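Annotated features, as they stand in TrEMBL:
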{"type": "REGION", "residues": "1-42", "note": "region 'Disordered'"}
{"type": "REGION", "residues": "59-88", "note": "region 'Disordered'"}
{"type": "COMPBIAS", "residues": "72-88", "note": "compositional bias 'Low complexity'"}
{"type": "DOMAIN", "residues": "144-727", "note": "domain 'Major facilitator superfamily (MFS) profile'"}
{"type": "TRANSMEM", "residues": "144-163", "note": "transmembrane segment"}
{"type": "TRANSMEM", "residues": "183-204", "note": "transmembrane segment"}
{"type": "TRANSMEM", "residues": "211-231", "note": "transmembrane segment"}
{"type": "TRANSMEM", "residues": "267-291", "note": "transmembrane segment"}
{"type": "TRANSMEM", "residues": "303-329", "note": "transmembrane segment"}
{"type": "TRANSMEM", "residues": "349-370", "note": "transmembrane segment"}
{"type": "TRANSMEM", "residues": "424-444", "note": "transmembrane segment"}
{"type": "TRANSMEM", "residues": "464-484", "note": "transmembrane segment"}
{"type": "TRANSMEM", "residues": "496-514", "note": "transmembrane segment"}
{"type": "DOMAIN", "residues": "537-594", "note": "domain 'Kazal-like'"}
{"type": "TRANSMEM", "residues": "618-640", "note": "transmembrane segment"}
{"type": "TRANSMEM", "residues": "652-677", "note": "transmembrane segment"}
{"type": "TRANSMEM", "residues": "705-728", "note": "transmembrane segment"}
{"type": "REGION", "residues": "734-768", "note": "region 'Disordered'"}
{"type": "COMPBIAS", "residues": "742-752", "note": "compositional bias 'Polar residues'"}
Amino acid sequence: MRTVHRPCTALSHGRTSPPLELCSAGSEAAPRAPRTEMPQRCAGDKAAVSLPPLVFRSPPSAAVTDAPGRQASPGSALSPGAPGSAALSPLDPCSQPLCRPQAEKRARAAPDVHYVAAGPQGAACGWRAFAPGWLQAFNTPRGFLLFLCAAAFLQGMTVNGFINTVITSIERRYDLHSYQSGLIASSYDVAACLCLTFVSYFGGNGHKPRWLGWGVLVMGAGSLVFALPHFTAGAYDAQAADGVGTCGANRSVACGDGASGLSGYRLVFMLGQFLHGVGATPLYTLGVTYLDENVKSSYSPVYIATFYTAAILGPAAGYLIGGALLNVYTDVGSRTELTTESPLWVGAWWVGFLGAGAAAFLTAIPILGYPRQLPGSQRYVVMRVSETHQLKDSGPTAASNPDFGKTIRDLPLSIWLLLRNPTFILLCLAGATEATLIAGMSTFGPKFLEAQFSLSASEAATLFGYLVVPAGGGGTFLGGFFVNKFKLRGAGIIKLCLLCTLTSLLASFIFFIHCPNVPMAGVTASHSGSLLPDGHLDLTAPCNADCACRPEHYSPVCGSDGLTYYSPCHAGCPGAAVPSPSGQKVYRDCSCVPQNFSSGFGHATAGKCTSTCQRKPLLLVFIFVVIIFTFLSSIPALTATLRCVRDRQRSFALGIQWIVVRTLGGIPGPIAFGWVIDRACLLWQDQCGQQGSCFVYQNAAMSRYMLISGLAYKVLGFLFFAIACLLYKPPSESADGLGASLPSQSSASDNATDLPDAPSALQPHSDV
């Protein structure tokens, strides 16, 4: 071991930053306990992109133990040969050895560690000059998380709750086709893809709370725009049509292109959705990175998981509130003869958007008052750097400049740096496969349950909500909890994603099991009751031939013989329904329903016959397992993404990842699943000779196609996670990197109060 005496030098952090001077006190100084001073992050409106000076003081007569060939950082304050370095006297503090020899250092007690403020003093929470003292109680990570969760809850409730709930009512009210309503829904993702690059790139280097606050304001404006057609289109005028669909009272349907001018309002709806997408873009990029920057790295997954859990609970509230509002007539206060069961009924779809818009404005105000960084966040900078995935080389020197990423000229280099990171690319592709499954199942999961268990649309949506809310919300939160509980880092996080994907892949084999179709006369069974496994469309029979039933009137009824009929007309029911003591509508004297001596003449009850499938509990349990393990990997995958890119590229990396996830998963996912499910259709809607939506699916084929799709995407996701785990390189100890020497990086403890052995951790490496 050799001992080297050198002048006071500064260690560069890999970026252009103020020097970190390591000096020792003069020999004349009175003896005192050594002190290690490290900065807290107290930033205001100015970007804190570099580390303030770190001053490490120790008594004289120490020696620097160094490795052969080790040189000072290029950012040294005084380097050998520099002017003034030779003039140092032996008593100069900077000419004394840096560290004590091992024997002498062991004799001294471990020093205390103190944090001192070394940044701008503008970290107060408030709006310009208005920053009252009571408001500073919210100037904490938990306070910011509260308002950020409120914004995410509103976004989920509006976009994923209200929109999906009221889309049918909007189609009926404004004479829209299905593909037009599809354009309305996709406008959100289109806006997000267009804005993600610029918001994540410039917002990542700017004042994140202001970007977030203005985004929430834009999102609220989108909700108000979405509700605007209700106030400009006039009153809704519809009349009930009693008796339509029964034998002898069947009415003709006027076919034609008589489209009203109301269909033009689809452009207003698209504009509202576009604003929703623009406003929500900062939430899942800048919001996540702001949380990660201002909390301990071990606590970050819990904070992010809480944030995403609020975003998942939002749609649940949207379905409940939106469904309740649809039971209120759209023209509130007006009387109508329509009932909620009428095909012409339109509920108060617009009320929820007004409330969401007002709540968004109120939520944006406190978010706009937060500082650029929360007080005390500087201590977590080095911890994040220590976990960053190591590339083959350090990359261009320009990427270490504190001004890097502030201009559009740096955009190509930023993209190139991310493309050169194989772990990041593979995590993006794995996220896209998971997003495809989530988007496809959230769209067609209720339809799958409706077909398998012969449920109504509302019953299927409610049952699916009972599955998704605890599985999705619980899985999201548990994913962050496990990362924090087991102190997972780097490759360990990716291995957790790998385990979750494998578990959900194995659970997907439950789709081998299916419930048989409920017999439907003329579709899956003959009118005599014999089953037709492959389906055979023949709705007309001698018993209803004289009724001249039209295919446009689809209103299934359940006969007393256990068969489902296309409509009361196809069941041969001559009269209108009468209410039964249980409240159901009952059609009497139906000619196609065989007589039952125990209950009199054949009759039919409105609605499809219930399924007697005994496999329903098993299917629901395994579907729950698939959902919870799919969401369980979401927060670990997001945490792994934050840990595998450079600190200054985190927001931009999340923006790029969201673009990949939406482009390859979120947008094509429902289209791909819809195309696959349509292959299992047995009975299509007939709209004046044109094919509409599907009425009856073949359950066996639907389960088979769902199995193939699920396995294909799960296998791809498993492969992407496995390769990412193999290619991930843990952090290497850098000779000139502060991240390899500071004790606060220890995976065992990253808290300031857990560092009693700081001097030993500060000792440079030596050759023995």
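Placement of Cβ uses the backbone N, Cα and C atoms for every residue, glycine included.
From a predicted model like this one, the values you see are computed outputs, not experimental measurements.
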Mean predicted confidence [pLDDT] for the domain 'Kazal-like' (537-594): 82
Close approaches to the transmembrane segment (303-329) from elsewhere in its chain (Cβ under 8 angstroms; 6 or more beyond its ends): 141, 145, 148-150, 152-158, 160-162, 164-166, 169, 283-284, 287-288, 291-292, 295, 336, 338, 340, 345-349, 351-352, 458, 461, 465, 468-469, 472-473, 476-481, 631, 634-635, 638-639
Result, the transmembrane segment (211-231) in contact with the transmembrane segment (349-370) (3+ CB pairs under 8 Å): yes
Touch test for the transmembrane segment (267-291) and the transmembrane segment (183-204), at least 3 Cβ pairs under 8 Å: yes
Chain residues in Cβ proximity to the transmembrane segment (183-204) (below 8 Å; excluding those fewer than six residues from its ends, i.e. six or more beyond): 159, 163, 167, 170, 176, 211, 215, 266, 269-271, 273-278, 280-282, 285-286, 289, 405-406, 411, 414, 648-656, 658-659, 662-663, 666-667
Interface present between the transmembrane segment (211-231) and the transmembrane segment (652-677) (three or more C-beta pairs under 8 A): no
Stretch contact, the transmembrane segment (496-514) with the transmembrane segment (705-728), Cβ-Cβ under 8 Å, 3+ pairs: yes
Winner by Cβ pairs under 8 Å against the transmembrane segment (618-640), considering only 144-163, 211-231, 424-444, 705-728: 424-444
Secondary structure tally of the domain 'Kazal-like' (537-594) (DSSP, helix then strand then coil): 3 helix, 10 strand, 45 coil
